[in-house]
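Down below is the structure, laid out as structure tokens.
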């Protein structure tokens, strides 16, 4: 027998029969073995045929297996085809020629198994198979196609295998309702009604609802709310994954796609093919000698034989379609723009019920409004309605987890009970009866409280679950009513709408009343998603604090100046300006189109300009390293400017992004410090103009980075020598005049060096004054606290006398260099000598070390 003219599936079926013979210890390959092989290898073929003929495939398989088991067992021989099996395969070859096929397929073998007289033909006839019905089923399966390749069976029912029927999905309630988008759906219907080139392509940003428009079309077709020429049409969504998966041989992918196209063509306009991410077809399957998948579609698309809807993003359309003009002209563009906030709110209101039934919680209307407003303000790299839906979904999931978990009060009581029980066991051993009685009494009280709490929690949970079950039932009944209305069963519609639904609504109302009565003023379970839950999710996503402030945080913000003064000594004007900006932001009064605040700090070196930025970062994020610091001395050359936003295409480092833009994309809520701006190239200021004005910056990949939640601080030593010389003139009487005059002159210097359009965008320009001796002494105290803390970690206690502090203040005071000499003085006079004394054991580290001054230096004693 020559198996070269058999399809791959037919060869596999015969091989399966051989394997079965060997595994059962038999020798002759009987028709029963071949039928077993056909049913195992060609499930899609036999299942379709058995279904069409009303046969029970599982029952047939059991009878065949019993027949195989009854065949004689022979050991040691080579498997061979029995006379009947040989006749079956010969007959199958004959049938393939009769039908005009090039290869013997599984249907030919099945037809031969029925017509060649054997026990198997009897089994098939008894199960209800006749030759005429089998031939009809084969024709229906093939849809008029001939077997022209060895993988032909893979292409039967190709739409069922490689596409998803959206009409069926809508009919069974698997698709979410589509709210709005009427204009876009109308445009799609208009294009689909054309004679040729009737292929709309939906183009829009990710998450704007392109796929939802096609789902909306499927819903409309189901309701009959479409023009006459589109009524009863089927919408199939092409599954690219299934199309490519398992295509091992060259040309197999193209063959599958061709069979899908042919099936759509044969429907004569009854099938509309939806290709999501259509750009994946351009270049798919292309290789040595193979044709691009898009080229297979082109002829059918141009002639109007294939009605298809594509969906892709703007970027992908430009990248793939605009290069291929022949493909581009076959599609008509439907622009899908991001909906505005009002449209998005109505979309979320329409979806609310679906999410409530899924999560078994209620979603308040203010949560929907908050989801839209907060997502459009703070999540700028994604699009509505997708990001707002995600917020609502996650907030509901979070609340559901809390509902299913034990309430916090109950958990605390349970932990306390466990702790007391452990204590009681320990005291039992000591035989301390009075203590045992006290603990026993406390335990009994706590257990009573726990019992009542548990009962209340369980009761609330039971009532909530009952409400949600009723809501799910309502949704199912509404779906049933819609189905009955489509089928014209108006009696059932009336029974559901005016009977069952009203009864369930009443039941929900009664249960809610009961729940409210049980909860009173204090509910144990929170059952509603509110705006605060949404704000909490936004904070987790972005790190931006948008949730309501606790009282402790309000107090902290009101006394922010004191917090900052713990690290920065003096400079009241600067601290007040920064604190006001932070308070405006947290109170929701900042301009939403600009950064929280932008400042230029001027002054001599070492007066606290950079330290204030660090102190602010520590206050906001509990970690000063959360500050994004850009040292402008690194940007002195013109070409180095590109490092801020990323190298242009074609240059090394293009994929890495910019130092500034990447830092803010990852941490949108941060303090950005541009240190020593006078050292930067003038072109850097051009880049910063749009950051200060619009709170946005476009990086090298065209992504817009949002700076609206950043505090921008720039420091400069400009005019420091002038400030220094002026401060020497200070005396008690003329202090205010000299400071004002100095500020005026420094501002003039700033205007000469930095362009007016840049300075005009800065919120406040603040001059830091040189530090006085009193302030230097405070800085010494601050730094000594740090030293004491460090020594305490090593078990050494350090005490400073006033004389020692005064000495360090004197040697550390240098008006020209600010506070930096203090650190050097502490290192030189205190730490260096102390380390020597500790190593030589001149001082006892187990006792407190007292540091005093003799006027020339520091002395150490215990």
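Cβ coordinates are placed from backbone N, Cα and C, and glycine is handled just like the others.
Look at Swiss-Prot and you will find 204, 205, 206, 207, 208, 209, 210, 211 tagged as ATP 1 binding site. Swiss-Prot lists 603, 604, 605, 606, 607, 608, 609, 610 with the feature ATP 2 binding site, giving similarity to another entry as the kind of evidence. Summarising the annotation, Swiss-Prot assigns coiled coil to 389-520 and lists similarity to another entry as the type of evidence. According to Swiss-Prot, the domain 'Clp R' annotation covers 3-144. The feature region 'Repeat 2' is assigned by Swiss-Prot to 81-144, with sequence analysis given as support. What Swiss-Prot records for 157-338 is region 'NBD1', and it gives similarity to another entry as the kind of evidence. Among the features that Swiss-Prot reports, region 'NBD2' is placed at 553-770, with the record citing similarity to another entry.
Annotated features, which come from Swiss-Prot, shown on the structure.
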| residue | record | CB count, 10 Å |
| --- | --- | --- |
| 204 | ATP 1 binding site | 21 |
| 205 | ATP 1 binding site | 16 |
| 207 | ATP 1 binding site | 17 |
| 208 | ATP 1 binding site | 23 |
| 209 | ATP 1 binding site | 28 |
| 211 | ATP 1 binding site | 18 |
| 603 | ATP 2 binding site | 26 |
| 605 | ATP 2 binding site | 17 |
| 606 | ATP 2 binding site | 22 |
| 610 | ATP 2 binding site | 18 |
Let me make sure I understand the structure: which of the binding-site residues listed (210, 609) has the fewest other Cβ atoms within 10 A of its Cβ? 210
Show, in sequence order, which residues other than 204, 205, 206, 207, 208, 209, 210, 211 on the same chain lie with their Cβ within 8 Å of the centre of the Cβ atoms of the ATP 1 site. 212, 313, 336, 338, 383, 386
Could you check which of the binding-site residues (204, 205, 208) sits closest to residue 609 (ATP 2 binding site), going Cα to Cα? 205
Just give the helix, strand and coil counts over the region 'Repeat 2' (81-144), going by DSSP. 46 helix, 2 strand, 16 coil
Show, in sequence order, which residues other than 603, 604, 605, 606, 607, 608, 609, 610 on the same chain lie with their Cβ within 8 Å of the centre of the Cβ atoms of the ATP 2 site. 601, 611, 715, 717, 768, 818, 819
Measuring Cα to Cα, how many angstrom lie between residue 607 (ATP 2 binding site) and residue 206 (ATP 1 binding site)? 49
Per 10 Å Cβ neighbour count, which of the binding-site residues 206, 608 ranks highest? 608
Which of these binding-site residues is closest to residue 207 (ATP 1 binding site) if you go by CA atoms: 603, 604, 610? 610
Between 604, 607, which of the binding-site residues has its C-beta surrounded by the fewest other C-beta atoms within 10 Å? 604
In which DSSP state, out of helix, strand and coil, do we find residue 609 (ATP 2 binding site)? helix
Structural state of residue 207 (ATP 1 binding site), classified by DSSP into three states: coil
Compute the C-alpha separation of residue 211 (ATP 1 binding site) from residue 606 (ATP 2 binding site), stating it in Å without decimals. 59
Between residue 610 (ATP 2 binding site) and residue 206 (ATP 1 binding site), find the distance joining the two CA atoms and give it rounded to the nearest Å. 41
Comparing the Cα of residue 208 (ATP 1 binding site) with the Cα atoms of the binding-site residues 603, 604, 605, 606, 608, the shortest distance belongs to 608
Hey, how far is residue 606 (ATP 2 binding site) from residue 205 (ATP 1 binding site), Cα to Cα, in Å? 49
Nearest of the binding-site residues to residue 209 (ATP 1 binding site) by CA-CA distance, picking from 603, 604, 605, 608? 608
